[in-house]
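Undergrad: Below are the structure tokens for one structure; questions will follow.
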Amino acid sequence: MIFSTLEHILNHISFSIVSIVISIWFFNLLVTELIKPYELSEKGMIPTFLCLTGLLVTRWIYSGHFPLSDLYESLIFLSWSFSLIHIVAYFKKNKNLSAITASSTIFTQGFATSSLLSEIQKPAILVPALQSEWLIMHVSMMILSYAALLCGSLLSAALLVFTFRKKRNRFLKSFSFNEIQYSYDRSTILRNISFVSGNNYYKSQLIQQLDFWSYRVISLGFLFLTTGIISGAVWANEAWGSYWSWDPKEIWAFITWMIFAIYLHIRTNKNFPGENSALVAVLGFLIIWLCYFGVNLLGIGLHSYGSFTLPSS
């Protein structure tokens, strides 16, 4: 009873803190130069990370197993993974990644604590297939890979948005420049050109940073995913007598691996522009959710213990 109460307290504290962080961040988009959202968000996400860590440890103690046995526990671990990436981004001074990880944390934790998963929020005895030392290795690597790949994919999506806006603005400026150049004197034109050049330089730097960090984060996630799939195959051979059974979860995990392998191939090939690999990463973002969440809705296959049913109205 004490551990259950402590878990609820830590859960609500972490969710409240990250909600305040997101609120401050959105408020600053409307009213600038009143507060420093970056510093507040970094300081706010640190206690969120500590609360989620305490929540996982508490659930581990009173459930008797590592908290990765069902969808609820994996969502909490996914939130913890997002907050961990946020802490790493804090030391790397990456503001773009920090905004993504904070939003992802509140989304996953909010869904985990919603009434949709109320039936599986109580800890249960592990099914025989999960009573193995491979549970921590396999599932933790898969969830960490999902967190890293989702963050990297969102960075790639942001790269596409800024690239599109940059090309659109360049087209509009080149189209209208001939019409307005005789309406101003020479000094005004030079000031406008200087402002546009500075703005384009800033956008170019931002696009390069998004491309750099999305590639690094996705590479790390791909490494985790590869480790998770290999460890899962070894575990499957011990539990079911086969390394690969073409289970729906296994198939979609392999599709996810192939998508991001294609991304890395295109990204490292200098003959392709950065937008091509970013498009593949955005596709991978959708595939990850199908693999992680969509397959669980079916409730079939060897991984059906991770499924859940939507409550009837």
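Just so you know, glycine gets a Cβ as well, placed from its N, Cα and C.
Per TrEMBL, the feature domain 'Cytochrome c assembly protein' maps to 68-303. The transmembrane segment annotation in TrEMBL covers 12-32, 44-62, 74-91, 137-164, 213-236, 251-266, 278-302.
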Undergrad: State, in range form, which of 44-62, 74-91, 137-164, 278-302 has the highest count of Cβ pairs under 8 Å to the transmembrane segment (213-236).
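TA: Highest pair count goes to 137-164.
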Undergrad: Which whole-number mean pLDDT does the model give the domain 'Cytochrome c assembly protein' (68-303)?
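TA: Mean pLDDT across the domain 'Cytochrome c assembly protein' (68-303) comes out at 79.
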